[in-house]
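As structure tokens, the structure follows; a few thoughts come after it.
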């Protein structure tokens, strides 16, 4: 909760709601810790910057437009009523996705700090930054193994006959995926695409009770190649990743447009597209659909995990970040819709070939959608090799773009902590560690672990980080303070839409969805019916709990460091109040910002007559309307 100020200038902790700590009057004497921090920061080498504004925009596009748009979004839409899912998805994007994305790019650009150091604005909340970094580590650990699978399927696409389009002699009840006529199915029939993925590629165990097995050599080579490409891109920091972003951001659209045009002319494609766009209105009343929309927006935009804030921290202070945020979030949505039209067009053609309803042609989600359902559909097209090469090349580029962002977010933390370590050395250490960690996912039992880490350490954990981030930023640092920072940096007043979303609507929806997820979600099941052993669920909750506990741990640590402040109330105030080092990195901008906030505070005191009026004026922008 925000602090409030009485007539004597004293601060009352936790008596307020969202809005603001008092703006700075005169510089507060710095503690020894703050002076040491300032000296350390002043002694650092000049922080890297983007070569130009377009590199930042392209990097954000490459980050947010990833595998989640192509294989996760269509399947989530399929599971949640097709067109009915699009409505909550767009509502959630407007009320949560865009506000969270805009807040993160503003925060990074204003402070020029990473997701950990930025919390000098509310020191006790520093654990949020480490929790978000841990989300990036969790996701990155399995994300590159999916890229490795894309690389393997890409290489296999150059065979004269796609290996998953035909059955091997030892496969019982196998139906060739390349067969387009006289298809005879029974209750035990399994497509060759599924058998190829599970038996040939993964050599998947029936469970993990007996262990995971050793890494498969061919997937290990693909994993090594994937990490090597990522290392080359990040080896020189934002200089190299910025240049690569042009290709990583633009090329997938070329492929998607080619696939969409090719798909649209296939027999039955229109039925699949209509299934995607036609809503099932009764599904709108299901809370699970809204939960899926929230998690998809988080996964797709990569908010609350660090990369977006980190990328914007390399911007020039005056860049038009509002424009960039609107472009990326809108483009991300258009990409999801574009991929949905393409994928459902392919599935409509598959339904036409199999003489089935569109709703019965997808066998499984997750990695299975990318490596079973899509290959099965591609094998039935009139140019399967061409479709396969284009599709998996697109998947490779999309995956690498997002992986580069996640790794750069982790690298930035390390480089800011150890500024004298060359970027190329830090990148080599990070990539080598990631490769070693990723070996667990290329074992015969690796997919079980992937689902476990994704479920407990990915989306659900990111949702928690989002709630805590918005509480720390708008309820502790203060909504009015944040909006003043935006106004000073960009000379743009913040409208009531953003203020209402940040102050009430976004946190309310996120908290409600999080509580719903805790109460309503069932235990994780792999595939259709595999129940994990008890120790696996224990490990999953440890993955989740190990991240959540970082927030209270750092609150305790910071309060303990400030124990000399006196009473508990004084300790609380000191621990949650912004440090004197908070503000723009440039000294000239910081001095101007302090004066700007002093003037804003004086004008605010003239208008404020009660606490409730203060809340209303902050939520509606009334303080700055005539300024």
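Including glycine, each Cβ sits where the backbone N, Cα and C put it.
Here the transmembrane segment (54-73) has long-range neighbours at 105, 143, 146, 238, 241-243, 245-246, 248-250, 252, 296, 299-302, 307-308, 311-312, 314-315, 319, 324, 327-329, 331-332, 335-336, 339-340, 343, 369-370, 374, 394-395, 398-399, 401-402, 404-405, meaning same-chain residues at least 6 beyond its ends whose C-beta is under 8 angstroms from one of its own. Per TrEMBL, the feature transmembrane segment maps to 54-73 (among others).
Under the heading Na(+) binding site, TrEMBL lists 65, 69, 300, 398, 402. The Cβ of residue 398 (Na(+) binding site) lies under 8 Å from the Cβ of 65, 66, 67, 69, 70, 252, each of these being in the same chain and 6 or more residues away along the sequence.
Look at TrEMBL and you will find 85-107 (among others) tagged as transmembrane segment.
For 128-154 (among others), the entry in TrEMBL reads transmembrane segment.
Annotated transmembrane segment per TrEMBL: 216-234 (among others), in sequence order.
Residues annotated as transmembrane segment in TrEMBL: 246-269 (among others).
Counting same-chain residues at least six beyond the ends of the transmembrane segment (289-313), those with a Cβ under 8 angstroms from any Cβ of the stretch are 47, 56, 59-60, 63-64, 66, 68-69, 72-73, 76, 79-81, 84-85, 88-89, 91-93, 96-97, 100-101, 104-109, 111-115, 118, 129, 132-133, 135-136, 139, 238, 283, 321, 328-329, 332, 336, 402, 405-406, 408-410, 412-413, 458-460, 462-463, 465-466, 469, 509-510, 513, 516-517, 520. Look at TrEMBL and you will find 289-313 (among others) tagged as transmembrane segment.
If you look at the transmembrane segment (325-347), the same-chain residues 6 or more away from its ends with a CB under 8 A from one of its CBs are 57, 60-61, 64-65, 69-70, 73-74, 77-78, 86, 89-90, 93, 97-98, 101-102, 105, 253, 256-257, 259-260, 263-264, 266, 269-270, 272-273, 275-276, 300-301, 358, 361-362, 373-374, 377-378, 381. What TrEMBL lists as transmembrane segment is 325-347 (among others).
Per TrEMBL, transmembrane segment is recorded for 389-414 (among others). Here the transmembrane segment (389-414) has long-range neighbours at 59, 62-63, 65-71, 114-116, 129, 133, 136-137, 139-140, 143-144, 146-147, 150-151, 153-154, 157-158, 226, 229-230, 233-234, 237-238, 241, 244-245, 247-249, 251-252, 255-256, 258-259, 302, 305-307, 310-311, 313, 370, 374, 378, 421, 423, 426-427, 430-431, 434, meaning same-chain residues at least 6 beyond its ends whose C-beta is under 8 angstroms from one of its own.
Sequence annotations record features per position, and here TrEMBL assigns transmembrane segment to 421-443 (among others). Sequence-distant contacts of the transmembrane segment (421-443), counting only residues of its own chain at least 6 positions beyond either end whose CB sits under 8 Å from a CB of the stretch, comprise 140-142, 144-145, 148, 212-216, 219-220, 222-224, 227-228, 230-231, 234-237, 407, 410-411, 414-415, 449-450.
The transmembrane segment annotation in TrEMBL covers 455-479 (among others).
Within the chain, the transmembrane segment (500-526) has long-range Cβ neighbours (under 8 A, six or more residues past its boundaries) at 18-19, 92, 95-96, 99-100, 103, 287-288, 290-291, 294, 447-448, 451-452, 455-456, 460, 463-464, 466-467, 470-471, 473-475, 479, 482, 532, 537, 540, 618-620. Summarising the annotation, TrEMBL assigns transmembrane segment to 500-526 (among others).
For 538-560 (among others), the entry in TrEMBL reads transmembrane segment.
Counting C-beta pairs under 8 angstroms (sequence separation of 6 or more), the transmembrane segment (216-234) fails to reach the transmembrane segment (246-269), with fewer than 3 such pairs. Other Cβ atoms within 10 Å of the Cβ of residue 300 (Na(+) binding site) number 26 in total over all chains. Neighbours of the Na(+) site: apart from 65, 69, 300, 398, 402, residues of the same chain with C-beta atoms within 8 angstroms of the site's C-beta centroid are 63, 64, 66, 67, 68, 70, 332, 335, 401. Other Cβ atoms within 10 Å of the Cβ of residue 402 (Na(+) binding site), summed over all protein chains shown, number 25.
The stretch in closest packing with the transmembrane segment (128-154), judged by the count of Cβ pairs under 8 Å and taken from 85-107, 246-269, 455-479, is 455-479. Below 8 angstroms of C-beta separation, residues 55, 58-59, 61-62, 65, 335, 338-339, 341-342, 345-346, 348-353, 381-383, 387, 390-391, 393-394, 397-398, 400-401, 404 of the same chain, each at least six residues beyond the ends of the transmembrane segment (246-269), sit close to that stretch. Residues 60, 76-77, 79, 118, 277, 279, 283-284, 289-290, 292-294, 296-298, 300-301, 303-304, 308-309, 311-312, 321-322, 324-326, 328-329, 333, 336-337, 466, 470, 473, 482, 485-486, 489, 498, 501-502, 505-506, 509-510 of the same chain lie 6 or more positions beyond the ends of the transmembrane segment (85-107) yet place their CB under 8 Å from a CB of it. Residue 65 (Na(+) binding site) is surrounded by 30 other CB atoms, counting those within 10 A of its CB over all protein chains shown.
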